[in-house]
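Asker: Copying in the features that Swiss-Prot gives for the protein in this structure:
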type: DISULFID; residues: CYS2-CYS17; note: disulfide bond
type: DISULFID; residues: CYS9-CYS22; note: disulfide bond
type: DISULFID; residues: CYS16-CYS29; note: disulfide bond
type: MOD_RES; residues: LEU33; note: leucine amide
Amino acid sequence: ECKGFGKSCVPGKNECCSGLTCSNKHKWCKVLL
């Protein structure tokens, strides 16, 4: 199960849903630019 926008995550683990990426700075899923 992927994590949605704004959910906490661990950078590099690919936990976020499609189109999202884990922010190294804030440790939450943000929109992939």
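Using the three backbone atoms N, Cα and C, a Cβ is placed for every residue, glycine included.
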Asker: Using Cα coordinates, what distance in whole Å links CYS17 (disulfide bond) and CYS29 (disulfide bond)?
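Answerer: Cα-Cα, rounded: 8 Å.
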Asker: Out of CYS2, CYS9, LEU33, point to the one nearest CYS16 (disulfide bond) in space (Cα versus Cα); all of them are recorded positions in the record.
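Answerer: Its closest listed neighbour, by Cα, is CYS2.
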Asker: Report, in whole Å, the straight Cα-to-Cα distance of CYS2 (disulfide bond) from LEU33 (leucine amide).
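Answerer: Between the Cα atoms of LEU33 (leucine amide) and CYS2 (disulfide bond), the distance comes to 18 Å.
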Asker: At the level of the C-alpha atoms, what whole-angstrom distance separates CYS9 (disulfide bond) and CYS2 (disulfide bond)?
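Answerer: Here the two Cα atoms are 10 Å apart.
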Asker: Mind checking which of CYS2, CYS9, CYS16, CYS22, LEU33 has the fewest other CB atoms within 10 A of its CB? They're the recorded positions.
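Answerer: Among the recorded positions CYS2, CYS9, CYS16, CYS22, LEU33, the sparsest Cβ neighbourhood within 10 Å belongs to LEU33.
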